[in-house]
Protein chains: 2
Amino acid sequence: MQTVEKLTDTLKNNRLKITPQRLMIFKVLENNTSHPSAEEIYKKVKKVYPSVSFTTIYKTLETLRDLGEIKELTIDKDRKHYDPDISVHHHFICSDCREIYDIHEAFTANIKLDDSLRKDFSVSGFQISFFGVCSKCSNSDRF
Amino acid sequence: MQTVEKLTDTLKNNRLKITPQRLMIFKVLENNTSHPSAEEIYKKVKKVYPSVSFTTIYKTLETLRDLGEIKELTIDKDRKHYDPDISVHHHFICSDCREIYDIHEAFTANIKLDDSLRKDFSVSGFQISFFGVCSKCSNSDRF
DNA sequence: ATTTGTGCAAAACCTTTGCATTGAC
DNA sequence: GTCAATGCAAAGGTTTTGCACAAAT
């Protein structure tokens, strides 16, 4: 996602309106690496704008996704998560605490799209989901 | 997933009961590479057992997953899909028709778990989701 | 003034659960 | 006879939608 400042320009260029609620959602997402769910964003925005609705959260997230500013993550079986980091990277989800961690690793360069794959599919991207238990949870398991 | 025959033994060994509904669900899943959703399984079972319920479908899928016989796929943002092929492989989901295809490719061998990754996480598995449009859909787009 | 965004309430979905009944063993 | 499975209805949780009103441009 761009900076909030640049993002407001992008909205203007698309004849979209800049509202306090939206600005707050942008601020919550800016530099956010916690992969929040809609509810987590809602709760944070609600602290500043108590009357904000889920409708606004979902609509704004949809708008940001359509602008290509954020990515909707389908990795948690229970709910969607949102990622303002649209660069190529992958995720680890802890089966215990459900937290999602970023994985920026060099090995991803080793994934070459095979010709047979190219023939059958027009691949626009891929995403690796790692499963397991994070060190925080595996440590606490010992006690 | 094992063959239906072997699966019945596994159930017996776990003191689980073999019912006509379950057998039908097993048959629907056996050698099924279409990654069906619960509803798709429900519809097929319903043709033979019209009074079958979603409860039975979901409960049986849960049992099979807990036995390690099938995998629950979190790749489609709208619903879960079920895969009786528990061998290591990956998937391509068409953003147009939502169909999920298997990807069995040699390049997956190139993914080595980095030491830094091993240090922070106890990785039990990973799964690559490819996104894009399948050839069926990209062909039909032309008309 | 126009047009988009907001928020409420309700709906739409998918999935799970409580419970009485049925059926497998 | 015992215990697990089934099926119904209801509930739960997430996400979407219709619509009137508010706010941004």
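Just so it is clear, glycine is given a Cβ too, placed from its N, Cα and C backbone atoms.
Taken verbatim from TrEMBL:
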| type | residues | note |
| --- | --- | --- |
| BINDING | A:Cys94, A:Cys97, A:Cys134, A:Cys137 | Zn(2+) binding site |
Packing count at A:Cys97 (Zn(2+) binding site) (other Cβ atoms within 10 Å of its Cβ): 12
List of the binding-site residues A:Cys97, A:Cys134, A:Cys137 facing chain B, defined by a Cβ pair under 8 Å: A:Cys134
Same chain, 6+ residues apart, C-beta under 8 Å of the C-beta of A:Cys134 (Zn(2+) binding site), given in sequence order: A:Phe92, A:Cys94, A:Asp96, A:Cys97, A:Glu99, A:Tyr101
